[in-house]
Structures are given as C-alpha cells and as structure tokens.
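Below is one structure, written out as structure tokens; comments come after it.
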Amino acid sequence: MEKMSRVSTALSGSALTGRTMHCHLDAPANAISVCRDAAQVVVAGRSIFKIYAIEEEQFVEKLNLRVGRKPSLNLSCADVVWHQMDENLLATAATNGVVVTWNLGRPSRNKQDQLFTEHKRTVNKVCFHPTEAHVLLSGSQDGFMKCFDLRRKDSVSTFSGQSESVRDVQFSIRDYFTFASTFENGNVQLWDIRRPDRCERMFTAHNGPVFCCDWHPEDRGWLATGGRDKMVKVWDMTTHRAKEIHCVQTIASVARVKWRPECRHHLATCSMMVDHNIYVWDVRRPFVPAAMFEEHRDVTTGIAWRHPHDPSFLLSGSKDSTLCQHLFRDASQPVERANPEGLCYGLFGDLAFAVKESLVAAESGRKPYAGDRRHPIFFKRKLDPAEPFSGLASSALSVFETESSGGSMSWFVDTAERYVLAGRPLAELCDHNAKVARELGRNQVAQTWTMLRIIYCSPGLVSSANLNHSVGKGSSCGLPLMNSFNLKDMGPGLGSETRLDRSKGDTRSDAALLDSSATLVTNEDNEETEGSDVPADYLLGDVEGEDDELYPLDTEHVHSEEPEYVLPQEAFPLRHEIVDTPSGPEHLQDKADSPHVSGNEADTASLAPVDSSSSLLSVSHALYDSRLPPDFFSVLVRDMLRFYAEQGDVQMAVSVLIVLGERVRKDIDEQTQEHWYTSYIDLLQRFCLWNVSNEVVKLSTSRAVSCLNQASTTLHVNCSHCKRPMSSRGWVCDRCHRCASMCAVCHHVVKGLFVWCQGCSHGGHLQHIMKWLEGSSHCPAGCGHLCEYS
C-alpha cells in the first residue's frame, strides 16, 4: 500500500496517472465495474452501492445510490455492471432475484430506473451487450438466462440451461449474436441470442462448478473459464469442437478471471476462498504467476482493469471492505523467488530431477551443454526475441531408475482391490483388512488393524459352551480372552469349599462374591451370564483373590469406592469332581438362606465335573474400572493416521478414515482429510483402479471429494456403418442417414446398455436379447448365427 510508483499512460490523447492506493468502504464489496472513461468506479455489495471518482492520489466518493429510509432487498447486490456505451446507465443483480437498472442522469436522488422481477432466485450475473445499447443479459440460480430490452417492461427471450444454476454470462466481443454461460455442473454453453430454444454448443469444461468466464478482447473465439477445480482454462471456440489450448493450475477455487489489455497471453484471477491475493498469469507459463498483488486481507470479490487499452492499472474490491488500485509495476514477481529445480517420482518409483544447466556445469567443472551424455535429456529451445521473458535457462533432466526387486507396487494394487471399507460390521472389516495385510507381508499394517478392532469393538457376549470349546480346542476364531491364567499355577485350595466360605472378619462381602453376574457353570446347556459393561479398552486385568501371592494387584491405583469384581461362574471350570467334601453343598445351601443370594442362584451353584482339558480360567470383567472416556484413544489413532500419511502410505490413512467414520473423523481437520483423499484417488487412477477410486469417492464425506462424481460425463458415439462421429442432434448419422445401435428384436435405437454377439456383431437392448435367447439360440437379426448369452 505504501509503494509510490507513478505511471502516466497515453490513451487517445488523454493520460491515466496514478499510484497504488486504497480506500476503506462502509461494507464488504461483492462486485465492481469501471466507467468507460476510466475516471469512476462503482462498488456494490449487500450493504453498499456507491460510485467513487478515481483521482491521482486517492478515491473520492461521488454518489451513494442506497437512498430511502427503509432498506430494500433490491439494493442487496450480487453483481454490478456499467454500460460501456452510455456512462449514465448501470445494472445490478439483486439477491432476491430482481434485476435493476439505474439512470445516473435522473435529476432526483433516487436513480433507480427499471425493475425486472422474472427470476425466482438470486441473480448471479448481469451483462450489457458490448455494442447494443438497450440489450441486457442476466443469469440466475433458477437455471434460466433472460434477455431484456430496456425499452420494454418484460424480457424478450428466456434461455434454459437445463442445469441447477447459472454462475456467469458474457457477451462475445467479436460475435454480435453470441454469448457464453457457465453452470454449476461444470458445463459451458454457447448461445445464439436469436435462438432461445437450444444452445449452439455445450461442453464440460471443469470438474465442478464453473464460476466465471471472459472472452479475449483481441483473439476471436478465445474463452477463459475458471472453476472450483482450481483451474483456469483457455478454450478455442473457432474449431468444430471446443479445444483446450491453455490450462493454469491455481491453489484455490477461481472466482473471477479477466484478460489483461494489450497483453495477449496475460489474464488476472482471484480466488473464492483461502487465497486473498490477485494473480496475473502468462498462460504460456502456467506454473508460476507473472505478477501478484498482496494488498487485500480477505477474499477478493471483484477485479477490473481500469481501461480496456491500459495494462498498468487494476482495480479490486474485497470482503475486507477495501477498494484498491494496483499498479502493475509495484506487483511482486514470484518467479524471482521460485526454485529452479524440480523433483518428481514416477508411477513405478523412478525419480526425475531437473536442474539448471549452469549449476550442473559449475559442479562438474565442465563447460555448459556440449553433448554430455551423463544427463540423458536436455531442454533447450531458441529464444523468441518478441517474448517478454528476459531469458530461458536450459535445464538438465536426470532420471534414476529403481531396482527391479525393490520398486514393485503390486502390494498397493492388491491391497486396494482386496480391502473392504464398508458393508460389514466394524470388527469384520478390521479382521478382513488385517488378514489381507498379513498375507501381503505387511505385518505392521495388520497389527494396526487388529489394534483398531480391539479399541473400537466391544468383545460381545460369548456363551459358556463356546468359550469352553474355544479354550479347550485352542481355536482363535472367537474374541480373545480378556483375562486368562493357568489353574496349574494356583494353590490347591482354590477348588475347595473353603474358598467360598470366608470368615466374618473378611473385609470383602458375600454379596461381592456371589453377585448375580457371577454364577458357577454346571453344564454346557447353562444360559449365558448377563453382559458386562466394561469397555473393550481393557486388554489385561487382575482377578480378585484372597491371597496376595495368588492374586497380585497394584493397590495404589485402585479407588476404595470402585466396584470389585469376582470370577464369573461360566469361566470357573474345576479340575476334578469333589466327592469327599460333603460339607461343600451344605454350606452352599446355608448360603442360599442369605438375603444376598436368590434361590435360583443357590440351585445353580453346584460343583459339576468338568473336562480336565479345560485348564484356563477366564475373567470377563476387569478387576476395577479405570474410568476411561470413550474418546480416550482418539489422539492416539489420529497420530497413527498422520504417521502413515507422512510415511507415504496414504492408502492406510484413507482406509482407516473410511472404516472408522465419525469415531476419528472429528479429530482431523477437513483440509487434511481432503488432501489424503485426493492423493489416494490420484494414485488409484494412476494404476487404473477406477472401481476402487469410485468407491472411495462415494464413501468420502468430504464435499470437495464427493463432488468428483457429480460432474457431467460426455459420451462420444460413432456411426457403426461409416464410422463418422455422431452429432449431438440425435441418433441418426449425418453422412449415411442410418440410425445407430438398432436393437435386433424391437428395431428401435438403443440409447442405454447395448449387448451384442461377438460372433455376428448383432445385438440390442439387454433385456430384449436375454428374453429372446431364453426361447431361441438363433440370432434375432436372422443371420443364422447361433448366439449364446453368458
């Protein structure tokens, strides 16, 4: 803002002078437009509508068009345009769907001229015809474009884009009857204003909404478009089909694009979010901007070159409530700070490294490029004296190939094809993916899936029969035992009745011992015990006991008020039948009279013989509750995902993100998730894993990723007889006048799935061919071939 460079430009006898300057507005600006003499600029927004004079040292407010006591939605502007033939005529697009024209020559304070209320939703764009003084075009969120004759009260024609909303409309500077429109679904349409029934041409320009477009002021047929896919594309519309001739990759969604006057290959862009700067690009050098303006502190909403024949002054409005004039000489040049070296990995692990030839020559002590074969590829071309660049440095590209044994990516492909990310319970997903990783030799990944299963999956209820069977047979198909130890390591008194009979001086109560959730197993037909509320976070635990030497426990971490747990009866198999201690059952019968034990519990508390092969004692309850919150492991899992992403295994990060869903998604910011998703999808598409890529896009909850499947798809059809491309006008070939893809059964055109015989090439609708071959094996076309549907 403090730069004081001055410029004086001669324009048809007059001169534009000024400096880099700004002024504070009363409210954020949504759009700006410049008068044809470049002396005034209009600023419009939801709460501002003013005209400023552009003087040599500052902006001076000339007129406030928001008049009246009551605020009106007609003054809430989404766009504004100043007529380039009549300096008194303006038009605004209101957020309530009203198009308003303003006549600055009216003597009253209220300059409002006409209101057009035909749109049903917000009007995004208004545009005057460049040579016809009374023609105004508008595009709205309702999907319609309307052409108004300012001498009439209603629109003269309506254009339907067959889409959700229109984002931009622009009249062609060179073609009198042509205008372009951009849409939310990524399409660009070209219309003839004389034919409102259908567009002249339509093509998909971007993956996602196309927010802006601009016709080149000199080259007829050059159309620049910008969209949410962070790209600016230049199209040649003079050919039979729209041809992309330039593409510029930006770092954020493109909100505005304007060609720079007197510079054929330069255009200016600003972003819709994230990035507040304004960039001027040379489309021949799409990776580094030629100039950058950094004055704004919030999103830039409108840009306009001050004069159609002056490339030095750029005006901009922003949400930071400032209006700026940028002097091109004061712009920063990122190319001066750019790194001239490049590094990139190939699909199969090859590493490419590009460096300036001068650096290579200096390090190797040799002269510049003289045909040295140590650097296999050199980029060098003859410099055009007319180009604005001061010079082009020749670069040397070295390619390093990986070893055949160490660069294989088969594990990535196998993992992507075999992973299951949805459609099953979480435990099954983790088990399946762990098995896949283990079979591919990725033990750390397999262990990670296993730990995720243990952390987030409840162990569930396991019947005593199944539990004993698993323990006795050594099966690993069930859930792992939470607490287990060998009975052989315990004292001999554990199985006697003295373990149940405690003295009155014992501090542990009988109710804690004979709780309703712990009963002795009588046989395999016993009912399951009630479920435990202990979380699955407990991997190991201690068992309650009377002797410290048998049941070691760290008492420092046990709260005195926490509930105590005892051995569940179903996991208490005895080693042998007790026949010589008759006092045991009597003692239990006495315990049945206790108010702490019900009769049913006493009846089932008999000591039945159990198979001696069952030598493990399992505890389904933790000894004490550690009061861990549900999201105790969230930070750990988040760090684990970032670890895998930083190691380059974005496949694991995305897979876990999809499988766990909301359990972990809330702990990772949206931008990081989007970066992981897009990186993984790019890898999948490089390996031609289209189905897996589509599944990842469908399962993603990121808006920027899920919208990748919402872009329109263009299907090109050739005539089956003369091979001529079919036009978009129908299913009849323009050359041979035959219908394409005729069904051999119903003799109608197949506009959907077409199935054909590989032997005779006849076919038709899928359902028709299937039904035909159910009753006959001969071709329905009558060629005599025996067709078979498999």
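Glycine is no exception: its Cβ is also placed from the backbone N, Cα and C atoms.
Under the heading Zn(2+) 2 binding site, Swiss-Prot lists Cys743, Cys746, His765, His768. Of all Cβ atoms in the protein chains displayed, 12 besides its own lie within 10 Å of the Cβ of Cys746 (Zn(2+) 2 binding site).
Look at Swiss-Prot and you will find Cys757, Cys760, His785, Cys787 tagged as Zn(2+) 3 binding site. Non-local neighbourhood of Cys760 (Zn(2+) 3 binding site): Cys779, Ala781, Cys783, His785, Cys787, each in the same chain, at least six residues away, with C-beta under 8 Å from its C-beta.
The phosphoserine annotation in Swiss-Prot covers Ser155 (among others) and rests on experimental evidence. Ser155 (phosphoserine) falls within a strand segment according to DSSP. Sequence-distant contacts of Ser155 (phosphoserine), defined by Cβ-Cβ distance under 8 angstroms and a gap of at least six in the same chain, are Phe116, Glu118, Lys146, Cys147, Phe148.
If you look up Swiss-Prot, you'll see Ser470 (among others) marked as phosphoserine.
Feature annotation from Swiss-Prot assigns phosphoserine to Ser496 (among others).
Per Swiss-Prot, the feature phosphothreonine maps to Thr581; the stated evidence is similarity to another entry.
Annotation comment: Swiss-Prot describes Ser594 (among others) as phosphoserine.
Feature annotation from Swiss-Prot assigns phosphoserine to Ser598 (among others).
Residue counts for the repeat 'WD 1' (72-112) under DSSP, split into helix (H, G, I), strand (E, B) and coil, are 3 helix, 18 strand, 20 coil. Taken from Swiss-Prot, the feature repeat 'WD 1' applies to 72-112.
Same-chain neighbours of the repeat 'WD 2' (118-158): 78-81, 83-86, 89, 91-99, 101, 164-171, 173, 176, 179, 181, 191, 193, 196, counting only residues six or more beyond its ends whose CB sits under 8 Å from a CB of the stretch. According to Swiss-Prot, the feature repeat 'WD 2' maps to 118-158.
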Study note, to complete from the structure: DSSP says His765 (Zn(2+) 2 binding site), in three-state terms, is strand
Revision key, fill the gap. CA pair Cys746 (Zn(2+) 2 binding site) / Cys757 (Zn(2+) 3 binding site), Å rounded to integer, equals 16
Check your understanding: Cα of Cys743 (Zn(2+) 2 binding site) to Cα of Cys757 (Zn(2+) 3 binding site): how many Å, rounded?
Key -> 12
Review point. Among the binding-site residues His765, His768, His785, whose Cβ has the fewest other Cβ atoms within 10 Å?
Key: His785
Study note, to complete from the structure: Mean pLDDT across the repeat 'WD 2' (118-158) comes out at 93
Exercise for review: Identify all same-chain residues not among Cys743, Cys746, His765, His768 whose C-beta atom falls within 8 angstroms of the centroid of the Zn(2+) 2 site's C-beta atoms; report them in sequence order.
Suggested key: Ala744, Val745, His747, His748, Val750, Gly764, Gln767, Ile769
Revision key, fill the gap. In three-state DSSP terms, His785 (Zn(2+) 3 binding site) is classed as coil
